[in-house]
Amino acid sequence: MDFAGNSKKSGRSARNKKQFNRVGHNLQFYKIPPTGEISLQEFEEYAIDRLKVLKAVEVAGIRLMKGSPEYIQKLQDELRKTSLGHDLIRTDKKEDKDFRQKDLVSHFILRLAYCRSEELRRWFMQQELDLFRFRFLREGPDSRDEFLRENSLNYEPISDDLKTELDGELRAAAGSKSGVVDTIEYFKVPFTEVFDLVSKRKVYLQDGYAYVSRDDMISIVITHYRSHLSHSLAVTTRALPHLEEDGRLLPMLCGLSKRYLGQDFNAKKSNVGEITADMIETLSKKSFPLCMQQLHQSLRQNHHLRHGGRQQYGLFLKGIGVSLEEAMRFWRTEFCKAMDVDKFDKQYSYNIRHNYGKEGKRTNYTPYSCMKIITTNPPGPGDFHGCPFKHMEVDMLAQKLRGQHISKDNVEKISKCVKTGHYQIACAQYFEATHNIRNPEDSASININHPNGYFLDSYKLLNGPKEGTKPVPNTPKVIKVKVEGTGTPSSQTNKQSDLNDMDDDDLIASMETDM
Ligand code: SF4
C-alpha cells in the first residue's frame with residue numbers, strides 16, 4: 001500500500017518496501033503521514049493491532065478514574081495482552097524503529113477508518129488522547145523535554161524572583177501538593193491552553209495567564225495534540241472520497257469500527273458441554289444476557305420470532321453448545337404451538353440448518369457480538385432482536401429491571417450508563433447485579449463484548465469450570481471474563497467477521513420465510 005498516493009506502484013522496487021519516514025521520538029503528534037509501502041495484509045494487521053490498543057484504553061477509562069493507580073495498572077494489564085500495546089509499554093524500546101513506524105502507520109490507518117462520522121471521530125480522539133497521556137507520563141523528564149523541543153513547545157520557566165513573589169498563590173493552587181512548590185519549575189502560559197486545569201482550579205490565574213507546574217505540563221501538551229488531531233481528522237474526511245477508487249480498502253476501513261476482536265464463540269469451541277433443548281428455559285433465567293432473555297420470552301409468548309430475532313437467538317444458542325438436532329427440536333416445539341409441523345418444516349427448518357452450515361453456501365456462521373448487535377439492523381415494530389440497553393426506552397428498561405428485583409440503586413446506575421451511551425458497561429453492571437458481585441476488583445474486570453461471553457462467564461461463575469478444562473490465564477479471582485483484543489489472529493478475525501455477513505442469496509432465501 002502506497003501511503004504517499006503519488007508513486008508509480010507498478011514500478012516500485014521491492015527494495016523500497018517499508019521505507020517509511022524516520023520517526024525521532026517514541027512519542028508523536030503524528031503530524032507527517034507515512035510514505036512507504038506495505039501489503040494489504042500488513043495494512044489490516046496494523047489496523048487491528050491499534051484497534052485492540054484503543055479498545056484496551058477504552059475499557060480501562062470507562063470503569064476506572066483516569067490517572068488513578070488502579071487505572072494505570074488496569075491499562076498496563078490490558079495493553080500487555082496486545083502485540084502493539086505490549087511494545088508501547090516496553091521500557092527498552094529506545095530507538096526501536098520498527099515499533100515507531102508501526103505506531104505511526106497504524107495511527108494513520110485508523111485515522112482513515114474513524115474520520116467518517118462525528119461519533120467515530122469523537123471516540124477515536126478520546127482513546128488516542130488517553131493513550132498519549134498515559135505514554136507521555138511514562139517517559140522520563142529528559143525524554144519529555146526532548147519531545148517538547150521537537151514539537152516547538154518551548155516554554156520558559158518563570159524566574160525565581162517571580163516565583164517568590166507568587167509563592168502564596170502558587171501554594172494555594174497546588175493544594176495538598178504545596179510542599180513541592182519550592183522544588184518544581186513553573187511556566188506562564190495563556191489560560192486557553194490549560195482549560196482542564198482551570199476548570200479543576202488547579203492553577204493560579206493572572207491577567208489571562210496560567211502558572212502551570214512542570215508536573216501539569218501534560219495538560220498543555222494534550223491541548224496541542226487535541227487541536228492538531230481534531231483538525232487532521234477533518235482534513236482526512238475531505239480526502240476520503242479519493243479512497244473510493246480503491247475497492248479493496250474502503251470496505252475494510254468501514255468495517256473496522258464495527259469489528260469484534262475477541263473469541264468467536266463457535267459452537268465447536270463451547271466448553272460447557274452440550275446444551276439440550278430442555279435445558280434452555282432454566283439457563284435463560286440464570287445465565288442469558290438481557291438481549292437473549294428478551295428473545296426467549298418473546299418466543300415463548302408468541303411461539304414465533306421474526307427473521308432478525310431467529311438469527312440473533314439461533315446463532316447464540318448454537319454458540320452455547322446447542323446441536324443442530326436439539327436446535328431443531330427446540331424451535332419446532334415452540335413454533336408448532338401456533339402452526340402445524342408441515343408449515344414449520346417447509347418455512348423455517350431451512351433457516352436453522354442454514355445457520356449450522358447445512359444449507360446454501362454451507363458456511364458455519366458465528367454468533368453475533370455485542371458490537372454487531374448494537375450497531376447493525378436496529379429492531380422495528382414487532383421485532384425483539386437488538387440490545388435492550390441500546391434499543392429499549394430507558395423508562396421501559398428500568399421497569400423491566402425492577403421487575404427482575406434489581407435494586408433501585410443498581411437500576412439507577414444502569415440507566416445512567418444507558419443515557420450516556422455506554423451500553424456494554426450497563427450490561428456489565430446488570431451482570432454484577434444479577435450475580436451478586438460486590439468486590440470492586442472483580443467488577444473492574446467484567447467487560448461484556450459478546451452475549452456468548454456473558455453466558456460463559458455466568459455459567460462458570462454459577463457452576464464452576466467444567467472438569468478437565470484448563471484454567472484460562474489472567475482469570476480474575478471470581479470469574480473469567482473475556483476482554484476485546486485477546487489473542488485472535490487478525491486473519492482469523494477477518495474470516496470470522498466475514499462469516500457473520502450473509503451473502504445476498506442466502507439472506508434472500510432465509511428472508512423468504514419471514515412472517
Ligand atoms: Fe446483549 Fe451485548 Fe447488549 Fe448485553 S450488551 S444485552 S450481551 S447485546
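Here the Cβ of each residue, glycine as well, is placed from N, Cα and C on the backbone.
Of the residues Cys254, Cys427, TrEMBL puts just one in the [4Fe-4S] cluster site with Cys291, Cys370, Cys387: Cys427. According to TrEMBL, the feature region 'Disordered' maps to residues 482-515, out of the candidate ranges 6-39, 482-515. Over the domain 'DNA primase large subunit C-terminal' (282-455) the predicted model carries a mean pLDDT of 92.
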